[in-house]
């Protein structure tokens, strides 16, 4: 029964490390014996590559275009099994500049539901592009598919801006679809006072920073080999960070309706933590950078 499945979604600004974070977290959940399916909802189709050790999985939309209709597909053509038995699907998207990428998500989820893909699962994880919360990309939220949203962010201004926008999208459908915000995952960029900053943002958004993932080069080393850190470097401290995050998500009961803030409030927060200074500080920083310049 779909009603008994924990349906979670990872949203976040493009380039924030959302797909990497989500796959490493799913690997941690799978290690605990959870039965999981990943539904990639990003046109880049990179939501399952670390689980499958592949460049990119063939997407539902791509195969449907080849066959003429999604009804002509078989489930085992688009649903593959990856690391620790995790089921993997990519919805895909249209050619750049043509059509609505969000439509691929709608098509994919409907196809999966109609063909029994949700049977015998504990978790379904949607990995969703989060720069633009348009109708299509908001579909897992709008239709009540994803009940728990985790926003991957960092202490950088645009990542926080995207997180606030996603919170606004969650709020819009919280009462009609029952979706809730599970927390912010800080995927560190080594910004000054990053932990304090994201904790403060979480408080303003009426949520929690569920985990702080430190920056470590082993993540890139694993990615180059198309593996999660948990598989590539099982005993590495970074692998344990993802295991801790997975455990926190499994045990999370703090699911809230977010309270998004205005752009002015976001800028005030950045000023408060010294990330975005006033004009005087800005000019001082430029002068300092100029002084450090080396003429060759």
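Just so you know, glycine gets a Cβ as well, placed from its N, Cα and C.
As given in Swiss-Prot:
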- 12, 13, 14, 15, 16, 17, 18, 19: ATP binding site (BINDING)
- 100, 134: [4Fe-4S] cluster binding site (BINDING)
- 103: ADP-ribosylarginine (MOD_RES)
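Here the features listed in Swiss-Prot are placed on the structure.
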| residue | record | Cβ contacts under 8 Å, 6 or more apart |
| --- | --- | --- |
| 15 | ATP binding site | none |
| 16 | ATP binding site | 152, 153, 154, 159, 162, 187 |
| 17 | ATP binding site | 152, 187, 219 |
| 19 | ATP binding site | 10, 40, 42, 44, 46, 47, 49, 50, 127 |
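Within 10 Å of its Cβ, the residue among the recorded positions 13, 18, 103 with the fewest other Cβ atoms is 103. Of all the Cβ atoms in the protein chains shown, 15 others lie within 10 Å of the Cβ of residue 14 (ATP binding site). A strand conformation is recorded for residue 12 (ATP binding site) in the three-state DSSP classification.
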